[in-house]
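Asks: Pulled the feature table from TrEMBL, pasting it below:
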BINDING   74-87, 279-291  NAD(+) binding site
BINDING   94, 104, 133, 221  substrate binding site
BINDING   221, 245, 249  Mg(2+) binding site
DOMAIN    2-350  domain 'Isopropylmalate dehydrogenase-like'
SITE      140  site 'Important for catalysis'
SITE      189  site 'Important for catalysis'
Ligand code: NAD
């Protein structure tokens, strides 16, 4: 099985190094070989080749069974025009691979209850929300432009969705919900946005085929509030690209830290893409401070969804849980009485639990 690995920028390199240790541990345990091929993306690719997504990277990814990504971006490249920025590489590879569904589980490990910003009575016995975010449509991909006007400039981005684009993600979300607690919430802004009204119509029609799943609708502004007020009301959420981007970062704080959360991006093609939901964290890059758990949990998703190795996925998740049980914490989830460890050490401890 071939895995394309793109560390990217900032903490990307540090967290991916820990992820590779985990892949090797699984490879040893299950006696299966993984061919790991590194490729450039983002700022690192710009520095080397002038492009945030070189052709060679596209080839490596297309010829793999799964793609593992660290993070891209950083202040060094912030002044480049939009199409040449590191983030253009990320959006480009998602589009090229056709990975239209981004699965972002927000799981609160019971050991980290006190790292969450919410009170214990709101969290109950932990949280497990699945956000299914549309990934290759909406405002991030719609027509955008900037023009000069007398008073300065004018700029716009457009949210565009077609019926088939909504259908494929909503069907996937219903299937995900069916395997969980059979409750799906569509989050939109249908009181204002025409694109949201189309999402509702299409979702309503599809729900006819999933009568066993309870469907409800919520406006995004209300959802942002409800996630903090009573997160346990949610099981599976489906939403468009930009709302999903924002709400999943918000949900991450329920779980303690942005550094904890994994994601899987899937489409109709054979290649799945796996990445933590956080960015390149330039403020802590190179300091051995980054939490590698989001990346490691993304690798668990890779074994589950791309390699159909459920047992290996569970091994990884259990290893993370055991290390947290033993009291080890990176600085973002540190609390009194626990043992503070860096990125390297956390990777090592989790790998040891997999043996
Ligand atoms: P960020 O996610 O990089 O960081 C936000 C905050 O969370 C920072 O304080 C950071 O130190 C902390 N943080 C993030 N990941 C962490 C981890 N694993 N362990 C501990 N702390 C962690 O978001 P930002 O600061 O808004 O963006 C920085 C750069 O990353 C920008 O260039 C942005 O465009 C890019 N970005 C990339 C992706 C991606 O590659 N998927 C996603 C979001 C942002």
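A Cβ is built for glycine as well, from the same backbone N, Cα and C atoms used for every other residue.
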Asks: If you average per-residue pLDDT over the domain 'Isopropylmalate dehydrogenase-like' (2-350), what number do you get?
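Replies: Mean per-residue confidence for the domain 'Isopropylmalate dehydrogenase-like' (2-350): 95 out of 100.
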Asks: Roughly how wide, in whole Å, is the group 94, 104, 133, 221 that binds substrate, by largest Cα to Cα distance?
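Replies: About 27 Å separates the two most distant Cα atoms.
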Asks: Are there recorded positions among 74, 140, 245, 249, 281, 285 that sit within 10 Å of residue 133 (substrate binding site), Cα to Cα? If so, list them; otherwise say none.
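Replies: Hits: 245.
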Asks: Suppose the Mg(2+) site is 221, 245, 249. Which further residues of the same chain have a Cβ inside 8 angstroms of that site's Cβ centroid?
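Replies: Surrounding the site, in chain order, are 220, 224, 242, 243, 244, 246, 247, 248, 250.
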Asks: Determine, from DSSP, whether residue 245 (Mg(2+) binding site) sits in helix, strand or coil.
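Replies: Where residue 245 (Mg(2+) binding site) sits, the three-state DSSP reduction gives helix.
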Asks: Near the Cβ of residue 133 (substrate binding site), how many other Cβ atoms are there if near means within 10 Å?
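Replies: I count 28 other Cβ atoms within 10 Å of it.
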Asks: Give the residue from the binding-site residues 74, 82, 86 that has the most other Cβ atoms within 10 Å of its Cβ, counting over every protein chain displayed.
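Replies: Going through 74, 82, 86 one by one, the largest Cβ count within 10 Å is at 86.
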Asks: Return one of helix, strand or coil for residue 289 (NAD(+) binding site), based on DSSP.
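Replies: Residue 289 (NAD(+) binding site) sits in coil per DSSP, no helix or strand.
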Asks: Measuring Cα to Cα, how many angstrom lie between residue 245 (Mg(2+) binding site) and residue 74 (NAD(+) binding site)?
Replies: 18
Asks: Round to a whole number and give the Cα-to-Cα distance in Å for the pair residue 94 (substrate binding site) and residue 140 (site 'Important for catalysis').
Replies: 12
Asks: Kindly point out which of the recorded positions 78, 133, 140, 189, 221, 285 have a C-beta less than 6 Å from some atom of ligand 1.
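Replies: None, by Cβ distance under 6 Å.
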